[in-house]
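As recorded in Swiss-Prot:
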MOTIF     2-11  motif 'Nuclear export signal'
MOTIF     75-84  motif 'Nuclear export signal'
Amino acid sequence: DILMRMSKMQLGSSSEDLNGMITRFESLKLYRDSLGEAVMRMGDLHSLQTRNGKWREQLSQKFEEIRWLIEEVRHRLKITENSFEQITFMQALQLLLEVEQEMRTFSFQLI
């Protein structure tokens, strides 16, 4: 699992930042999954809106968060010289882009 490998990487003083990135990414994956479940339960849009009247605002915030993570991973990919870390960050970037795309797909189905 890419998150497990990232959590084991030692990046000196930035290991705390890396752990924060992993936590945020896991949170985004859970959010993506909840959007997917709402889509699967068709007609759950009303329930989603009732449960969280500000769900569009929350969705916007999650997209900002994932864009920030994507940029952060791209930056780390550029500055990393270790090939193992480069591969790990490339895989993380691919996973982030997939999660972002799935969130977009689910959100368009809910709107």
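Cβ coordinates are placed from backbone N, Cα and C, and glycine is handled just like the others.
For the motif 'Nuclear export signal' (75-84), the DSSP-based tally of helix, strand and coil residues reads 7 helix, 0 strand, 3 coil.
Taking the motif 'Nuclear export signal' (75-84) as a whole, pLDDT averages 85 in the prediction.
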